[in-house]
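A.B. asks: I am attaching a structure below and will ask some questions about it afterwards.
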Amino acid sequence: MASLALTSPPSVKIPSYLSSSSSSLFSRSSISFRTTESRSRICVSGYAKCNLPKALNGNARVPIINETTIPKFFDSSRLEKSVSRNNTKLKLFSGTANPALSQEIAWYMGLELGKVSIKRFADGEIYVQLKESVRGCDVFLVQPTCTPTNENLMELLIMVDACRRASAKKVTAVIPYFGYARADRKTQGRESIAAKLVANLITEAGADRVLACDLHSGQSMGYFDIPVDHVYCQPVILDYLASKSISSEDLVVVSPDVGGVARARAFAKKLSDAPLAIVDKRRHGHNVAEVMNLIGDVKGKVAVMVDDIIDTAGTIVKGAALLHEEGAREVYACCTHAVFSPPAIERLSSGLLQEVIVTNTLPVAEKNYFPQLTILSVANLLGETIWRVHDDSSVSSIFL
């Protein structure tokens, strides 16, 4: 019987790609941190802005993010005091899907991960045992339902059930990547709406609330009969783009398909109301996309393609090829969830994309690293959201 025990060491080391000396492969968000000697909440102290050195090709370099577009991560003295006196009513546990992200969240919050033993039996069954009391506690379980999707989903359900049976006061499922989110409607006869089924399973297991990052479609929130906090990862990516010193006059935001226009429009609005272009495509099968034509002007521009998921990368790469054909100077791909199913890496590293910017909502295997890849951490965003949910404070104000 294989086993995996997830515990927190007495002191948490900051991951290398969160430090100021991060490698070129792992470029973190330009959010900076301040810490104190005692274990306390880590707070955001500022954001990097575009420098204003001199004009480039006749266009002044101006910040593409201003003070009104930056989320105000608030300092709560009450919460900090709570942590400093070892608040036992807030518990954070990690599943096995993305323990690195869970540890970063705990580091941001000034907490230690709860102790839990997760085992795999020889026949594939999953066993979960909490190694500390959660009676009367506000419990948050961090577990993206990424590959292997069914196994990680089942693990989450069993963790929720274990917390409920251990008399936790509230159980929140923190799902950075929500598997089956793309199965949110019927496109052909006799199909299942698996996203609704998964929502039912999580609810019936005993979860009181769900936190999810950049759901494929907004209507998925309505599939749950419990509250859902939709965490938008745009601030992390926007902050990183601000550090690129791209002239706002040279920028165009591109939606890789018609279905993502609303997402791209919201993204463009934050980039000084950058112009919008749309790639029109026709899908002939699952994981197969064909680019048809481009709506909008990208000639001589820096094109930023915005999507929620990169799976096989067919949509992104074919879109990038079309943008180059239409005269785009550079093409960037910005995506929250890096699924990277084969042959995604071969396509993304082919040279069509200047940079592929993703987040760590699900782990990226080392074998899938390539020179153009940049991974940003959403730990701050999730940690702040968890604090606000625990404190009964506004979550939506983070993204306004």
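Just so it is clear, glycine is given a Cβ too, placed from its N, Cα and C backbone atoms.
Note that the coordinates shown come from a computational prediction; the quantities given were computed from them, not determined experimentally.
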A.B. asks: Of the ranges 172-187, 236-251, 300-315, which one does Swiss-Prot flag as region 'Binding of phosphoribosylpyrophosphate'?
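C.D. replies: Comparing 172-187, 236-251, 300-315 with Swiss-Prot, region 'Binding of phosphoribosylpyrophosphate' matches 300-315.
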A.B. asks: Quick one, of the binding-site residues ASP214, ASP225, ASP229, which Cβ has the fewest other Cβ within 10 Å?
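C.D. replies: Taking ASP214, ASP225, ASP229 as the binding-site residues, the minimal 10 Å Cβ count falls on ASP225.
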A.B. asks: State the count of C-beta atoms found within 10 angstroms of the C-beta of HIS216 (Mg(2+) binding site), not counting that atom itself.
C.D. replies: 20
A.B. asks: So how many of the residues in the region 'Binding of phosphoribosylpyrophosphate' (300-315) end up helix, strand or coil by DSSP?
C.D. replies: 2 helix, 9 strand, 5 coil
